[in-house]
């Protein structure tokens, strides 16, 4: 309790506009840690601030505060940022701004500004004419214009149809929507239920082929996006642009002119934009939605997850740390709100080590670093958390141990330093693009086949799909099908001659099954582990959290099926999904 009290005394807590205005009346220097609600103030910097407060001993000249960007109107431009920001206010004027937990730079700035205040107070110098720092980025098109938020947020629902999902056009469509200035608030890939399709497409329910369309939409995966307009002006296009410019364009051709900001002339500008981009045939759009209950038909947890940016990154424990303090590090990672999706031991080659240690290549100790990195196994992790990239960077601290110990002793770099090794023993991706590439490299995807059997109810299906996603699987393809004897043989070819095979066929003939391709590193083994033992009774004893333990009735009606080996999985996928071409397939 004493420690927490000292922190409150050190930094004033500013969480509304009134307190901000009051703080700006401070005399001297005020150092303000601007933070996002999702992560809180930068704890790693508090030790430095306390040290400076004691050493400089200037209670009248030096003040510290933490300010919550989400609840202070003045700090609106800092909302939804993934890195900490430090503002420096001198007598109510913001004179400097530093992005990121750059302890040496913050340290020097505070010392310089306090020294100036001392000299001014002693009459040794005239107060400089400070240029006040603008919060709005200089390249923002809306700089200087008043901003406002509507009382009711307006959303657009985009449903990417099953054929586009199968054709792997989802990422291209998302990129084009983002390029048009929209923000993706929530997304999900799943098969739509009959009720959801009829609700969303109620305006065409009287068409003669509607039932056939419902069947098409419910038997395969769709991709659902909920997007908002963001803070920038949206593009719109004249009819002349649609007619004269798009006829000669190839499908999926990215043209800069179609994304330039123009004054809106139609409420349905996203639909118009997709038509210009020649991708509207892959999507259905419902715009100008303010009723979130309509959205929650498609994404039940929308209110909880909207705007949350869950980010996957690669983290690495270098060999010395992995050998000595693995459990402590993993506990700390989980305490900080990260979920560990994947982990594996890996001995790095010299080339891999040099790539991961590129920032040290000009240091005289680079050779010994590479020798250490290749001396034994490292532990590679895939971590996920809201705004995971920025939070991980803040948590692990500087790349240099000496710097971490001096300025950020609470960082993981300082806490888990290994004697004789000058570099941070924890590695993290530098960007989301790097993270995606590194995860693909260290955790190459593997495909397996999964089957949900006919006796499983629709509600249970949804629960199983949720478990599949939470365990880190991507449902790459899916189809709902009645497994006739011919179709069942494509999946159960290994047991075709067994005496119980007829009983298996009888179970499968009682209704449609859901056949899926699941993708993940180590997919075959992880799916079998998630399924649990074949007999649900045994599963309830040995693996109570498994799917068969929760949803299985008996050995035949045990809810799910999966391939035993990678070879069996690929053979089944080849027979059931003839057009499927695996990408980045793990070869071993």
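Here the Cβ of each residue, glycine as well, is placed from N, Cα and C on the backbone.
Here's what TrEMBL has on this protein:
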- 561: active site, pros-phosphohistidine intermediate (ACT_SITE)
- 453, 500, 528, 534, 548, 558: ATP binding site (BINDING)
- 246-258: compositional bias 'Basic and acidic residues' (COMPBIAS)
- 1-119: domain 'Thioredoxin' (DOMAIN)
- 234-258: region 'Disordered' (REGION)
Practice item. Provide the three-state DSSP residue tally for the domain 'Thioredoxin' (1-119): helix first, then strand, then coil. Key: 56 helix, 31 strand, 32 coil
Check your understanding: How big is the Cα-to-Cα gap, in Å, between residue 453 (ATP binding site) and residue 561 (active site, pros-phosphohistidine intermediate)?
Key -> 8
Exercise for review: Would you mind reading off the Cα separation of residue 500 (ATP binding site) from the residue listed as 'active site, pros-phosphohistidine intermediate', to the nearest angstrom?
Suggested key: 15
Exercise for review: Return the single residue from the recorded positions list (453, 528, 548, 561) that has the minimum number of other CB atoms within 10 Å.
Suggested key: 528
Study note, to complete from the structure: Widest Cα pair spacing in Å over the listed ATP contacts 453, 500, 528, 534, 548, 558 is 21
Study note, to complete from the structure: For residue 558 (ATP binding site), the same-chain residues 6+ apart in sequence with C-beta under 8 angstroms from its C-beta are 453, 534, 535, 536, 539, 548, 552
Practice item. Can you tell which of 500, 534 has the least company, meaning the fewest other C-beta atoms within 10 angstroms of its C-beta, among these binding-site residues? Key: 500
Review point. How many whole Å apart are the CA atoms of residue 561 (active site, pros-phosphohistidine intermediate) and residue 528 (ATP binding site)?
Key: 8
Review point. Could you give the mean pLDDT over the domain 'Thioredoxin' (1-119), rounded to a whole number?
Key: 83
